[in-house]
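Participant: Okay, here's the structure, questions in a sec.
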Amino acid sequence: MDSVAFEDVDVNFTQEEWALLDPSQKNLYRDVMWETMRNLASVGKKWKDQNIKDHYKHRGRNLRSHMLERLYQTKDSSQRGGIFSQFANQNLSKKIPGVKLCESIVYGEVSMGQSSLNRHIKDHSGHEPKKYQEYGEKPDTRNQCWKPFSSHHSFRTHEIIHTGEKLYDCKECGKTFFSLKRIRRHIITHSGYTPYKCKVCGKAFDYPSRFRTHERSHTGEKPYECKECGKAFTCITSVRRHMIKHTGDGPYKCKVCGKPFHSLSSFQVHERIHTGEKPFKCKQCGKAFSCSPTLRIHERTHTGEKPYECKQCGKAFSYLPSLRLHERIHTGEKPFVCKQCGKAFRSASTFQIHERTHTGEKPYECKECGEAFSCIPSMRRHMIKHTGEGPYKCKVCGKPFHSLSPFRVHERTHTGEKPYVCKHCGKAFVSSTSIRIHERTHTGEKPYECKQCGKAFSYLNSFRTHEMIHTGEKPFECKRCGKAFRSSSSFRLHERTHTGQKPYHCKECGKAYSCRASFQRHMLTHAEDGPPYKCMWESL
């Protein structure tokens, strides 16, 4: 009797045909093929590789690889384990081209193979391949997972899950790798050898794939597209990370919070959020970080490096996302549109903060006094009132600031610098926010509208104060007399009636005033033409 070949009993579907089957049809296919495999195993038949090369040479992946992966999806793990173990004894993984079966066994041999190869690796890299611990007898089949893989790389990566071993130790940092190729690539990061240099910004790279991905940050090319939503990406890693949003699944899952990840490195970085581990330390200031990219970005605050330059105006940035956000100033692109009022924003973060003006959500609460805020910068700014400290301090007046941008704006109050000039009237301002608000006096724009009465306002603060007329809210209460106010400015003016403070002094006559409006009215009396409004009425 002729030997039975796999092709004699196989019920095959192409990838396209398989995708069209419903779940019940797929289950029927699995049942039939499991029974077929069981029968072959029971009579001791091996799968032959007759005409495999010719028959499948135009296929991207081997037929048997597809079949095994489909069978592995069965719910009955005891069924697949038993069948796979029988075929493994017949060297199934060697008989099926392109497929390796994970046996979850710790081998006694040096895992890279022949001793001559290991000597060669040691001579060239100076790194001794590790040996797996010898366990003696083969483990029980029930503890083996038999998961199939179509590539050696995927198979070796998966084995690490069972063995916990990696093959090569880096002598510089102690990091371990499971292949010579990967440790060679890693060693370059210590040597500083970066032969691939970007012609646009001069940034150098140690590996061609990283260099090509970087080039796309300048060209805008995004060759990898999500099949689910059409979103495009510059590298395959980004699209894999994105796909988790659609599938909700990844090969690595956090045991603490359940978040899935597409790669081992991303998963390990995430774990440090829970453990608090920060192994990457800045040599300049000692600040520690959970991953090396974050450290590299931080180091630019010390070096002043700004590798990302705007082609339109030449402004340079330390971070690529900052450049991308800046470019929208030139293009006018505002992809984030508020459904409530139609206002559009350049960045997702400012859009989210804006949405809270409609919902009233204030997720950030001060631990000292309980006051709540809609965004972190507002809370940090508030915290300075309690601590009296901030990372940035004015050298002239000693005022502390929570972030660099308001600190820079404040410095201009001392230097007199006003870099933002109104195109309509020529008036200059210290910040971009101030000029945007001022421009509304020319355009008449009033983006903040009261839902109660329809009245519109140019400024958010005016709108918020107006809303309190309807709600009756008066959050600022005087501790001396109990009088309450809607706005902090009105409250501060009132406090001066108790303290007697008069911070506005006339240089002409020395007279002092408690509020700016009274002071400005007084100053008109010293003007050359006198006050602008004079009563012309003559008594009879």
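Cβ coordinates come from backbone N, Cα and C, glycine included.
Pulled from Swiss-Prot, these are the listed features:
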- 4-90: domain 'KRAB' (DOMAIN)
- Ser191: phosphoserine (MOD_RES)
- 140-162: zinc finger (ZN_FING)
- 168-190: zinc finger (ZN_FING)
- 224-246: zinc finger (ZN_FING)
- 252-274: zinc finger (ZN_FING)
- 280-302: zinc finger (ZN_FING)
- 308-330: zinc finger (ZN_FING)
- 336-358: zinc finger (ZN_FING)
- 364-386: zinc finger (ZN_FING)
- 392-414: zinc finger (ZN_FING)
- 420-442: zinc finger (ZN_FING)
- 476-498: zinc finger (ZN_FING)
- 504-526: zinc finger (ZN_FING)
Participant: For the zinc finger (392-414), how many residues does DSSP put in helix, in strand and in coil?
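Facilitator: The breakdown for the zinc finger (392-414) reads 11 helix, 4 strand, 8 coil.
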Participant: With Cβ-Cβ distances below 8 Å as the criterion, list the same-chain residues six or more beyond the ends of the zinc finger (392-414) that contact it, or say none.
Facilitator: 377, 380-381, 383-384, 430-431
Participant: Check the zinc finger (476-498) for me and report the mean pLDDT.
Facilitator: 87
Participant: Report, as numbers and ranges, every residue of the chain located at least six residues beyond the zinc finger (476-498) whose Cβ falls under 8 Å of a Cβ in that stretch; write 'none' if there are none.
Facilitator: 461, 465, 468-469, 514-515
Participant: Which of 252-274, 308-330, 364-386 has the most Cβ pairs closer than 8 Å to the zinc finger (224-246)?
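Facilitator: Selected stretch: 252-274, with the most Cβ pairs under 8 Å.
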Participant: Quick one: DSSP breakdown of the zinc finger (364-386) into helix, strand and coil?
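Facilitator: The zinc finger (364-386) comes out at 11 helix, 4 strand, 8 coil.
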Participant: Using Cβ atoms and a strict cutoff of less than 8 Å, what residues sit near the zinc finger (364-386) while being 6 or more residues removed from its termini?
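Facilitator: Long-range Cβ neighbours of the zinc finger (364-386): 353, 356-357, 400-403, 406.
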Participant: Validating a neighbour-count step here. Other CB atoms within 10 A of the CB of Ser191 (phosphoserine): how many?
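Facilitator: I get 9 for this one.
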Participant: Which numbers of helix, strand and coil residues does DSSP report for the zinc finger (252-274)?
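Facilitator: DSSP classes over the zinc finger (252-274) add up to 11 helix, 4 strand, 8 coil.
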